[in-house]
Amino acid sequence: MKITVVGAGAVGATCADNIMRRELAEEVVLLDIKEGLAEGKALDMFQTATLCGFDTKITGSTSDYSKTAGSGVVVITSGIPRKPGMTREELIGTNANIVKGVTESILQHSPDAIIIIVSNPMDTMTQLTLQTSGLPKNRIIGMGGILDSARFKTYLSMALDCPPNDIHATVIGGHGDTTMIPLTRLATRNGVPVSQFLDDATLQKVAADTMVGGATLTKLIGTSAWYAPGAAVAELVESIVRDQKHIFPCCVALNGEYGQSDICLGVPVVIGKDGWEAIIDYTLTDDEQAKFNQSAEAVRSMNSVL
Ligand code: NAI
């Protein structure tokens, strides 16, 4: 399979690197609008093949979409990232134009592709792609919840002083500082609810830290993060290309699930060769459902500027 990553910035290049190292494609195409950037990063990455033991080919392209032709999966990371103090929502105007244009160009050459949206504000960019591309809804997946869940699990493991992989936890709702919902009630350490190890105040702090996880990194680094976002995209791509049927929280079009319709929002979905294949409808408590409804309203109001 050929996989295209649009945007050769921090997140796009890290996505491509992770996809290659996992050998998820025969060929990866990295595309950017900046002259030479994608070609240069692709060549640098290809020169790690003999050092890291993979054979995936990677090529770069400056806005030549013919090189992306026949891609099975396309990851869209093009757009501006936030700076310290900015919300993801402030990126909307610039990134909406970029994401719309990129999607049109991609579909001219890869009409059967599954599209993964990474550019922020991701929930609104996913909605935009659904509205403008004409693609079946199962082929449009917004990536945010996998990253937010990874942050949640990491903060839980730090609070518990245990290995991160002993933790299972998920974040649903929007991919925004105030719209995401870390499901503390369902978080477990080796199958045991984390509430048996941590008091309420600690759990609330972990949830709050998770929600501003991206902003914390932006403040430290000066721009938004890329290592965990890149790895999160690769996790999603792997479940598609290997048809693994993993359940990940992703931003998808809801049609009555979780009490919401006509909106793309983060919920657990089965990911396989056809994109997102089913929504797992957890039973939420009244409080969780109220938060989900608030999250939907906030994302709806953001979508209204499209
Ligand atoms: P970056 O600035 O390092 O890279 C963005 C790249 O997009 C640049 O190289 C730029 O030249 C390119 N670009 C701009 N317009 C383009 C066009 N029309 N066609 C092709 N390429 C174009 O930014 P970074 O850090 O890689 O972030 C990218 C996006 O991903 C941002 O919107 C950021 O907020 C978002 N993001 C989303 C996450 C998520 O979980 N969904 C996590 C982290 C970042």
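Quick reminder: no glycine exception, Cβ is built from N, Cα and C everywhere.
Note: TrEMBL annotation is automatic and uncurated.
Worth saying up front: this structure is predicted, and the values here are computed from it rather than measured.
What TrEMBL records for His175 is active site, proton acceptor. Look at TrEMBL and you will find Gly7, Ala8, Gly9, Ala10, Val11, Gly12, Asp32, Asn95, Val118, Ser119, Asn120 tagged as NAD(+) binding site. Under the heading substrate binding site, TrEMBL lists Arg82, Arg88, Asn120, Arg151. Residues or ranges marked as domain 'Lactate/malate dehydrogenase N-terminal' in TrEMBL: 1-142. Positions annotated as domain 'Lactate/malate dehydrogenase C-terminal' by TrEMBL: 147-299.
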When distances run from the Cα of Asn120 (NAD(+) binding site) to each of the recorded positions Arg82, Arg88, Arg151, His175, the nearest one: Arg88
Remaining residues near the recorded substrate site, that is with C-beta within 8 Å of the centroid of the site residues Arg82, Arg88, Asn120, Arg151: Pro81, Thr87, Pro121, Met122, His175, Gly176, Asp177, Gly214, Ala215, Thr218, Ser224
Residue from Arg82, Arg88, Arg151, His175 whose C-alpha is spatially nearest that of Gly7 (NAD(+) binding site), among the recorded positions: Arg82
Sparsest-packed of the listed binding-site residues (Gly7, Gly9) - C-beta count within 10 angstroms: Gly9
Neighbouring recorded positions, C-alpha within 10 angstroms of Asp32 (NAD(+) binding site) - of Arg82, Arg88, Arg151, His175: none
Sequence-distant neighbours of Val11 (NAD(+) binding site) in its chain (C-beta under 8 A, six or more apart): Thr77, Pro81, Val118, Ser224, Trp226, Pro229, Gly230, Val233
CB within-chain contacts under 8 A for the residue listed as 'active site, proton acceptor', separation at least 6: Arg88, Asn120, Pro121, Met122, Asp123, Gly142, Gly144, Gly145, Leu147, Asp148, Cys251, Gly266
Secondary structure of Val11 (NAD(+) binding site) (DSSP, helix/strand/coil): helix
Arg82 (substrate binding site) versus Gly9 (NAD(+) binding site) - Cα distance in angstrom: 13
Candidate with sparsest Cβ neighbourhood (10 Å radius) among Arg82, Arg88, Arg151, the listed binding-site residues: Arg82
Model confidence over the domain 'Lactate/malate dehydrogenase C-terminal' (147-299) (mean pLDDT, whole number): 98
